[in-house]
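According to TrEMBL:
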type: ACT_SITE; residues: D128; note: active site, proton acceptor
type: BINDING; residues: G11, R72, S73, G102, N103, G104, T105; note: ATP binding site
type: BINDING; residues: R21, A22, V23, V24, R25, R155, G186, A187, E188, R212, K214, S215, S216; note: ADP binding site
type: BINDING; residues: N103; note: Mg(2+) binding site
type: BINDING; residues: T126, I127, D128, R163, M170, G171, R172, E223, R248, H254, T255, Q256, R257; note: substrate binding site
type: DOMAIN; residues: 3-278; note: domain 'Phosphofructokinase'
Amino acid sequence: MKRIGVFTSGGDAPGMNACIRAVVRGAVYHGIEVYGIRRGYSGMIAGDVYKMESHSVSNIVQRGGTILKSARSKEFMTPEGRKKAYDQLNEHGIEGLVAIGGNGTFTGAMIFGNEYGIPTVGAPGTIDNDLYGTDYTIGFDTAVNTALDAIDRIRDTASSHDRIFFIEVMGRDSGYIAVQSGIAGGAELVMVPEVLTPLSEVVETLKQGWSRSKSSSIIVVAEGDEAGSAVEVAEKIKSQVDENADIRVTTLGHTQRGGSPSAYDRILASRLGLGALEGLIGGQKNVMAGIINNDLVYTPFEDTIRLPKPISDDLLRMVKILSV
Ligand code: F6P
């Protein structure tokens with residue numbers, strides 16, 4: 001393999017730049033040419049590519065976002081779009097790909113690989129931590145710390161005003177950010193899509209808190225929870241608790257996607273970027289590089305997409321025990 005392409009796709013995540021850097025510097029080390037593909041599959045279809053050198057990735061290890069930009073391409077979901085992408089790769093002599101992204105990115109890579117045989121190795125980049133085949137995804141740790149910082153701040157004001165706060169965090173269909181930020185932030189309750197939380201349990205938790213003289217409470221709601229958004233949950237709860245209860249809602253939203261990556265994410269991204277590149281060079285294809293129990297492993301895209309990544313029951317149990 002003489003020339004490869006690297007791209008970021010789907011929602012951006014802190015640490016993607018560190019991952020790009022590892023791919024580019026690793027390619028230079030192994031004497032392979034590397035092309036950056038801008039805007040994910042959209043840029044691949046448009047042939048928006050450029051040759052990257054070691055200096056192309058200088059001074060980015062600490063930056064959030066992605067210097068290659070990211071997109072969710074509808075066109076790549078069509079056979080015509082993928083044909084255009086293949087023609088562009090051919091024209092530029094790109095023989096293999098490192099794809100940095102999440103579920104959607106790997107679904108596209110798997111279909112593309114089956115159709116055109118271009119080998120792709122993925123590096124998991126998403127704040128959601130929802131990919132089977134790795135303990136953690138790039139960006140998750142930073143997102144949790146960003147959410148935690150917000151929860152700590154909200155706790156200050158919640159406590160001053162004796163208020164109940166519902167804080168909504170991201171995660172799409174996964175509750176990882178909610179559980180980890182909730183535990184670290186001492187939340188009274190965490191609502192996640194993986195486990196049904198009846199509204200009666202929310203009411204009960206609040207009432208029990210009051211009976212133990214708790215004057216303020218924080219409930220972290222994962223955006224994918226079956227009860228709805230934090231605004232909706234707060235609305236439903238209002239009529240069921242003390243009429244004097246003072247309730248506020250904060251939705252953290254895209255603040256969780258930005259910011260300088262944590263040390264953990266920079267190291268994880270570096271390991272996974274180099275791991276994906278060296279896997280590709282070594283003949284791996286249609287797999288995602290991941291770290292499980294501190295070992296580098298490769299998992300077929302099909303499994304990373306299809307298999308669930310359940311949240312440990314221990315963590316969920318702990319939230320309940322520690323909030324008493
Ligand atoms: O997958 C990352 C993520 O931030 C999810 O947590 C969230 O549901 C989604 O992307 C938001 O997507 P967008 O940036 O397109 O609004």
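Glycine is no exception: its Cβ is also placed from the backbone N, Cα and C atoms.
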Looking at the binding-site residues K214, S216, T255, R257, whose Cα is closest in space to that of T105 (ATP binding site)?
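Nearest by Cα distance to T105 (ATP binding site): R257.
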Give the three-state DSSP assignment (helix, strand or coil) for T255 (substrate binding site).
helix
Which one of the binding-site residues (R21, R25, R172, R248) has its C-beta surrounded by the most other C-beta atoms within 10 angstroms?
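Of the binding-site residues R21, R25, R172, R248, the highest Cβ count within 10 Å belongs to R21.
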Just to be sure I understand the contacts, which binding-site residues have a Cβ under 6 angstroms from any atom of ligand 1? Candidates are R72, M170, T255.
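Cβ under 6 Å from ligand 1: M170.
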Taking the mean position of the Cβ atoms of G11, R72, S73, G102, N103, G104, T105 as the ATP site, which residues outside that list, in the same chain, have a Cβ no more than 8 Å away, listed in sequence order?
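Going along the sequence, the neighbours appear as S9, G10, G40, G101, T107, G108, T126.
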Once the chains shown are all counted, how many other Cβ atoms turn up within 10 Å of the Cβ of G104 (ATP binding site)?
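That number is 19.
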Can you tell me the mean pLDDT for the domain 'Phosphofructokinase' (3-278)?
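That region's mean pLDDT is 97.
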Cα within 10 Å of T126 (substrate binding site): which of the binding-site residues R21, S73, N103, S216 qualify?
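Close binding-site residues: N103.
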Return only the integer: C-alpha distance in Å from N103 (ATP binding site) to V23 (ADP binding site).
20
Same-chain residues six or more away whose CB lies under 8 A from the CB of G11 (ATP binding site)?
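Listed in sequence order, they are S70, G102, T126, I127, D128, R257.
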Would you count the other CB atoms within 10 A of the CB of R72 (ATP binding site), including those on all shown protein chains?
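So the Cβ neighbour count for R72 (ATP binding site) comes to 17.
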